[in-house]
């Protein structure tokens, strides 16, 4: 008999040779004490395994343990193999009783409990699976863009002016003077199109949102991409289509178990995403033609239209009124009331905003003056344009919104590891 | 003749069929005007291509252009193929003269010029190559840890107390109350070991460093990993070894051109990194045995020792005195003056700090009290330990320090896209 066999992950126990000695390491997921025997369920990163304990005690739930015992076939056990004759060694002190019963099949607690005890509640397999969808999506995002010749960038989160960052910014004491936290890497990813042509960044962005809603966070993870030498925003939308398809592929490839556990409805991304002009979208939903934006009920109606007409969970609305878009937005060439920008709706909710940007220095100066500002305030940003930029555009996907839509949770906080908002700064 | 052929990247021009029409898009890298002809060098993300212009003018350097012309074999041209009979269409207004001559083979300007004009100076192929090494390293970091069963995490950068973040923290006005920017994801990555066992994060960290040195930044990119169910810090070091090897592999695979352009000395990572105990390291360099830390000259001497004795660019020093390590550090089991932690030296400079952490709740309470603090101040963090944590440890690699050592630059700012420090908040 091997005295200290290599660790066997719970998920691999069914492949262990019956009669061989195995070593499990994990958490006491559940104890079920019967009269003559205790069933111990061990949980590790791969799954669960059953241990049959006939003598001695089992530490309380969530205590970490090492179990050395015999792999034994038992058709009643999960996976057909359990561990018998175990020697159980606690790896820490007996754990305190968890704030929620982690062994129950569903996470059945209110949001405050879920969030206040996040370090523990994320251990619930169904809760953990939500983040596994997020992590797999990140892999798919990067893998797709790597394949398409994009370069990953990491841009500064400290910026010099509130202007650079937009409204609702957080102010920082930066060595005795004010600085601000970036609301997006927008200005930097554009400047770096001038260097690498195609760039992406995954990182935190900061918004001092005074809104206490189920969709807003003070800090979230933004998946940004920007590319040069485009014809117009339709080229951007094509890359976005490939990125979202790559994210769903990665979810299936790397997180199939999490899909099953969460019941996530992973969409099929059509080869071409249906596109409606903003003007036509208003007409379709019966809104007045001078509406400057789509209301939530309009977005829902468009989502239903896309599903019925195109069998698509996605629809892009292009041509949003220039008045509602940021100053760097490229106008629609034949009618500058409209813009070369789009929103991508996923199941009737806005998931991504993207579009073509201005790229000539004179158009930037004019756009900045048009909002009553001095181009000199943007001197650092405008350097890139004065020194030659290509037609370009890009998009940003909010990671938490994406995962929330995949899983259908009511509140974005349910898919955020440690959410930050108007009220919450811990844990 | 095809009227609008697909774009050909400069690097692919040598494979174009001679006589075919090609379409290049890029920047005017250089114009060389001779009496009868102008040579235009176009730069795109893939490289350079030569265009022979016999009539008409060429826009100034850095203007973005589209060139449609005939692929023509010419043994004198780079890659053996050039473009003749071009139609050149500017894609923006004529570019202003760049602050540095981007077409010269080396970046030959002082640091202030390099940094003040970063959006343009990063366009220099030799400068851009430095970041390409960084980007490839990030791919290698993630690919290795994905393969080893790690889960990517994204943890909050807003933290509730300066305690949580350490010394030299940035304070933020968080909806009218103070918050702080995380100096590292340390507390969060540990808590998430309780969920996923093995986690990594790539993201910004913030340090209000009052030091104006060539090695310190106020914001840098930290490559963090943490794993559970370890025996001790040696298990952490083995994972770190694989990660660094994965980073060098990725540099060779994805950034071979950048290695050539920068002259980067990419190390060979030994199968096993040589390890010295801190006590023996002091003796080896002839330092007094009660020295609490290694001085830079000691680190250099150890680097030389590793190279001479083991042929290794790397050496790990383990067992650093507990007094010099953070409170969550695990002591050496047989002598608690020393710790189960290490520094990894790369060419005689500290690159990574890592080690085993405490994991029982009682050891945390004792360690926090020993520094004269109240464990209640750490309640949120300590939840994870009270509810069962495995023996665990991890490490953090500073991306910019890694790239600086690869390229041998004198100042870490030379490999940072938009550095932030005591004095610099733009561009």
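Even glycines carry a Cβ here, placed using N, Cα and C.
The range from A:186-189, A:190-193, A:194-197, A:198-201 that TrEMBL describes as region 'Aspartate' is residues A:186-189. In the record from TrEMBL, residues A:207, A:208, A:209, A:215, A:216, A:217, A:398, A:399, A:400, A:401 bind ATP; the candidate from A:253, A:272, A:350, A:373 listed for the same site is A:350. Candidate recorded positions A:78, A:207, A:209, A:216, A:399 yield A:399 as lying near chain B, with Cβ-Cβ distance under 8 angstroms. Nothing from the recorded positions A:78, A:353, A:357 places its Cα within 10 Å of the Cα belonging to residue A:209 (ATP binding site). Under DSSP, residue A:357 (L-aspartate binding site) is assigned to a strand (E or B) in the three-state scheme. Counted over all residue pairs in A:207, A:208, A:209, A:215, A:216, A:217, A:350, A:398, A:399, A:400, A:401, the record's binders of ATP, the longest Cα to Cα distance measures 20 angstrom.
Cβ neighbour count for residue A:399 (ATP binding site) (all protein chains, 10 Å cutoff from its Cβ): 22. Remark: residue A:350 (ATP binding site) has A:299, A:343, A:344 as non-local neighbours, by Cβ distance under 8 Å and separation of at least 6 in sequence. Distances between the Cα of residue A:216 (ATP binding site) and those of the recorded positions A:78, A:207, A:353, A:357 are shortest for A:207.
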